[in-house]
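Heads up, the thing below is written out as structure tokens.
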Amino acid sequence: MERTFIMIKPDGVQRGLVGEIIGRFEAKGFTLVGLKSLSVSRELAEEHYDVHKERPFFGGLVDFICSSPVVAMVWEGDGVVACARKLIGATNPLSAERGTIRGDFGVSVGRNLIHGSDAIETAQKEINLWFSEKELLSWEPTVNAWLYE
Ligand code: IDP
Ligand code: MG
């Protein structure tokens with residue numbers, strides 16, 4: 001089954017939106033297979049955002065991610081990678097649709113609350129970067145019989 005990496009960024013944690021955000025993934029019907037809160041090291045933040053290392057916002061982004069705890073998660077389900085991006089909304093919260101996490105709760109691109117992997121291959125890489133094998137669960141919620149045909 002498909003898996004994606006989701007991180008509630010420091011602003012989402014500080015603003016008390018952890019429960020709200022997790023609730024949206026739960027209510028949709030995805031399965032939580034990994035969850036931890038942590039203070040992110042500079043090394044991990046730089047590796048995670050490596051594709052953006054030449055961008056002008058890179059230093060500020062890394063500072064921000066390391067500034068306060070985050071909540072890292074792995075969610076599982078059919079089509080979860082693309083669907084999570086839809087639940088999250090556009091990168092700039094001002095352009096993100098109402099009903100999305102960024103659209104409902106954010107006002108600026110540098111404080112957009114949450115990260116979600118952008119492709120299946122990226123998801124695999126990010127899951128391996130943030131979680132060890134033994135931190136991830138393999139389980140099938142009994143409710144799946146009512147979610148999948
Ligand atoms: P994504 O999070 O929607 O995938 P990316 O383009 O991959 O967006 O950018 C990664 C993160 O970098 C964004 O979520 C945001 O926190 C930050 N970021 C992107 N563009 C800007 C910018 O122009 N100014 C400040 N931060 C930015
Ligand atoms: Mg991205």
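Every residue gets a Cβ built from N, Cα and C, even glycine.
Database features, via TrEMBL:
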ACT_SITE  His115  active site, pros-phosphohistidine intermediate
BINDING   Lys9, Phe57, Arg85, Thr91, Arg102, Asn112  ATP binding site
DOMAIN    1-138  domain 'Nucleoside diphosphate kinase-like'
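Recorded features from TrEMBL, shown on the structure.
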residue : record           : DSSP (3 states)
Lys9    : ATP binding site : coil
Phe57   : ATP binding site : coil
Arg85   : ATP binding site : helix
Thr91   : ATP binding site : coil
Arg102  : ATP binding site : helix
Asn112  : ATP binding site : coil
The domain 'Nucleoside diphosphate kinase-like' (1-138) [mean pLDDT, rounded to integer]: 98
Candidates near ligand 1 among the binding-site residues Lys9, Arg85, Arg102, judged by a Cβ under 6 angstroms: none
Least Cβ-crowded entry, counting other Cβ within 10 Å, from the recorded positions listed as Lys9, Arg102, His115: His115
List of residues, in chain order, with Cβ under 8 A from that of Thr91 (ATP binding site) and at least 6 apart: Arg102, Val109, Asn112
Residue among binding-site residues Phe57, Arg85, Asn112 with least C-beta crowding, 10 angstrom cut-off: Phe57
Nearest-integer angstrom distance between the alpha carbons (Cα) of Arg85 (ATP binding site) and His115 (active site, pros-phosphohistidine intermediate): 9
Span of the ATP site, taken as the largest CA to CA distance across Lys9, Phe57, Arg85, Thr91, Arg102, Asn112 (Å, rounded to a whole number): 21
Integer Å distance between the CA atoms belonging to the residue listed as 'active site, pros-phosphohistidine intermediate' and Phe57 (ATP binding site): 16
